Amino acid sequence: MLSLLSPSSPAGKWLGFVTAIWVQAICGNNYTFSNYSDALKSLMALTQLELNNLSVAKDVGKAFGLISGLASDRWSTSALLIIGSLEGLIGYGVQWLVVSQRIRPLPYWQMCIFLCMGGNSTTWMNTAVLVTCMRNFPKNRGPVSGILKGYVGLSTAIFTDICTALFSSNPSTFLLILAIVPAIVCLTAILFLRETTPAADPAERKQETRFFNVFNVIAIVVAVYLLAFDITGNHGHILSLAFAVGLVLLLATPLLVPLYSALFRVKSNSDIEQVKEPLLVGRKDSPAKQEPAEIMNVGIKQRPLIGEDHTILEMIQTYDFWILFLSFLCGVGTGMCVMNNMGQMGLALGYVDSSIFVSLTSIWGFFGRILSGLVSEYYLWKFGTPRPLWNAASQIVMCLGFVVMTLALPGSLYIGSILVGICYGVRLTITVPVASELFGLKYYGLLYNILILNLPLGSFLFSGLLAGYIYDAQATSSAGGGNVCVGPHCYFLIFLIMALACVLGFGLDVLLGFRTRKVYAKICEDKKSSRSIVA
């Protein structure tokens, strides 16, 4: 039985994917800042701008993800997970010591460093998981991205709801969980998550599709379970404890897939050597078919076409990369601003406890992630629809969410947080396979972390500068230091500017979809050829 579950076996490959899901389910700790930001603000007597800059420091940790991207081509998956778990343990552990008042508040610059470490820890975990799984399942990049990023979306709700159920939303206990749980999960994943040979024959690929459908169903059940807990109000101690136990069991349910794979093995030809072709074939003809001018230029290195493997230097010299980069900034920068400031947004609109909005953004972000992975893959297979068009659609819906929050009507923060959560999830999920489809998998670890630079950059522009300065300009000083703003005017202009940024992102995504339509037509053609072979 142990040999059946070795990382090189089919069942071991799926067990590795299950541990990747668990790692992603604890990687959303960066989005939980609103759950303990008020405690930091009061203990350190911060203004809103200073608090927002702390959240920017947390997001700046992702900028150092370039290091994990470079390391992913040289170090093993296990090494990346160990580094990420240790960084998170230190970064969130020190924040716990401060918030629990076991030590006096550290100087502001030191707190920035430890928040940065906490933020950087997830880049090592994400890089390890995404690079490994995208290479293990190259023919199912949409579902892989949707499932893994979906669990990242649920991560915030998982942490928030467990802390609410067992510890009454205590910020000190919440930070302790953020420090310890990811380290334990990463140490588990080290044992099973490895790069393995991708599926080589149609039977294996068909089985992959079936298994990914099972993972999607399980993920949706987990999301509905969390949503039901959030919308049913206050719960007693016994019911809360039962909820926590049920959630742990649901998170263990994906283990049924590798167990099934071990018991009912599908005959595999994965040892057959695979022939890798670029998505757009334009210069790969045999020498007999080459034109004389092409023969003369054999020794001259030409730039790769979109769809082929690019080096980082080659990638940043393309228009398509910068269109993708800027459109990604418009989507994730505005989404990060909402998540970092949700606590203060709730207070400004008269809500004492904003944890419900944090959970709603997380859970509906999951639905955006999981459905966008499935829907974009279906329409790509069926019609060759370029994935960037789904990003364009999400930008319009996100713009609508900001307009709703601008109106500040009763319930508008509920509707707005749901719409922003959905679209933020779509944005993160779709961009992952788009990057690999346009620029290849060879340097994917570094490419992914270059795109993730948009998280700290967007956080700085929209949260640190825009939201911080405008909020402080309208806030009044409080007795114990810091400041506070109450009323719909506090975030009116901020929401309006972010809505305009979404319109800009929409235009960029439509342009990228138009420019890459031939790439996706080729992918569609290849997938249809594979289906005909299976038939």
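For all residues, glycine too, the Cβ spot is worked out from N, Cα and C.
Automatic prediction, not curation, is the source of TrEMBL annotations.
As recorded in TrEMBL:
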- 13-259: domain 'Nodulin-like' (DOMAIN)
- 309-521: domain 'NFD4 C-terminal' (DOMAIN)
- 78-96: transmembrane segment (TRANSMEM)
- 108-134: transmembrane segment (TRANSMEM)
- 146-167: transmembrane segment (TRANSMEM)
- 173-193: transmembrane segment (TRANSMEM)
- 214-232: transmembrane segment (TRANSMEM)
- 238-260: transmembrane segment (TRANSMEM)
- 321-342: transmembrane segment (TRANSMEM)
- 388-408: transmembrane segment (TRANSMEM)
- 414-434: transmembrane segment (TRANSMEM)
- 446-471: transmembrane segment (TRANSMEM)
- 491-512: transmembrane segment (TRANSMEM)
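Sequence-distant contacts of the transmembrane segment (321-342), counting only residues of its own chain at least 6 positions beyond either end whose CB sits under 8 Å from a CB of the stretch, comprise 31, 33-34, 37, 52, 55, 59, 315, 354, 357-358, 361, 388, 391, 394-395, 398, 402, 416-417, 420, 423-424, 427-428, 431, 434-435, 438-439, 450-451, 454-455, 457-459, 461-463, 466-467, 471, 491, 494, 498, 501-502, 504-505, 508-509, 511-512, 515.
No contact links the transmembrane segment (173-193) to the transmembrane segment (238-260), because fewer than 3 Cβ pairs that are 6 or more residues apart lie under 8 A. Scored on C-beta pairs under 8 angstroms, the neighbour of the transmembrane segment (238-260) with the top count among 108-134, 146-167, 414-434, 446-471, 491-512 is 146-167.
Packing against the transmembrane segment (146-167) from elsewhere in the chain are residues 20-21, 24-29, 31-32, 35, 126, 129-130, 133, 173-174, 177-178, 181, 212, 215-216, 219, 222-223, 226, 229-230, 235, 240-241, 243-244, 247, 251, 355, 358-359, 361-363, 365-366, 368-374, 377, 421, 425, 428-429, 432: each is 6 or more residues past its ends and has a CB under 8 Å from a CB in it. Per-residue pLDDT, averaged across the domain 'Nodulin-like' (13-259), gives 87.
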